[in-house]
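The annotation active site, proton donor is assigned in Swiss-Prot to 76 on the grounds of sequence analysis. Residues or ranges marked as active site, proton acceptor by Swiss-Prot on the basis of sequence analysis: 226. Positions annotated as substrate binding site by Swiss-Prot, on the basis of sequence analysis: 14, 67, 77, 78, 166, 199, 217, 218, 227, 228.
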């Protein structure tokens, strides 16, 4: 058994346990099991996974993310906002605009501060990756996947696929409250046409500036919010002519709202809140709670 300090934070209800590796040390081989342990609502803390705030050779800070099933992810928009808040409020960075390293590359964060507290964060998520090979999805490597027919479980759907450093597939629905998140989501997540799995998004278009959104996250299942997924939904909606490029779009997630723009410079920018829930000491007992 050993213990470590943690902070629980959330972005629109998408909650993770954050461990500051500027101050703590965790064995690399234990990280998947620790993620499963802290995520458990009965024997752990309860969260969508584990995020490590790490030193970096490329930026002031690095983010590593482990899903609730122990798998390591490449990117997390809500996690990035929380990492930015933590890094600024704990003195890891002093500038209000700074880089964060992720497994999918460097991203720029800009914090809005009131009375020393970060109240919102804007993340430059970079350019979406649209080639089929970059998502990745099987089929002609150079093609985009826009309004493509997709057969599964004996039914035909229309999908658009986007990578924001992690894979997303978007289904449009007429009523977000009736979206088959828990039935279609897990089936599509593990479909062989997505060799690395995929995050599954359901989107209802309200107007050119407003979307309703629900998500089945790869490795975590239903979550309250997914920042990269909301970005992918806006990109997909522009590609399908449902929203406009360079216009702020409000995305209503189960946990709250994000404002997202796919700019004419090619970059996707996301603005939203980040909240600290609690801090404490976690006692990790290996197999007993991992």
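Just so it is clear, glycine is given a Cβ too, placed from its N, Cα and C backbone atoms.
Overlay of Swiss-Prot feature records on the structure.
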| residue | record | DSSP class |
| --- | --- | --- |
| 14 | substrate binding site | strand |
| 76 | active site, proton donor | coil |
| 166 | substrate binding site | coil |
| 217 | substrate binding site | strand |
| 226 | active site, proton acceptor | coil |
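Maximum C-alpha to C-alpha distance over the listed substrate-binding residues 14, 67, 77, 78, 166, 199, 217, 218, 227, 228 is 17 Å. Between residue 227 (substrate binding site) and the residue listed as 'active site, proton donor', the C-alpha separation comes to 6 Å. In the structure shown, across all protein chains, 77 is the one of the binding-site residues 77, 227 with the greatest number of other Cβ atoms within 10 Å. Candidate recorded positions: 14, 217, 226. Nearest to residue 76 (active site, proton donor) by Cα distance: 226.
Residues near residue 14 (substrate binding site) in space but far in sequence (CB under 8 A, at least 6 apart, same chain), listed by position: 48, 76, 78, 79, 223, 224, 225, 226, 227, 255. Close to the recorded substrate site, the chain also has 73, 75, 76, 79, 215, 220, 223, 226, 229: residues not among 14, 67, 77, 78, 166, 199, 217, 218, 227, 228 whose Cβ is within 8 Å of the site's Cβ mean position.
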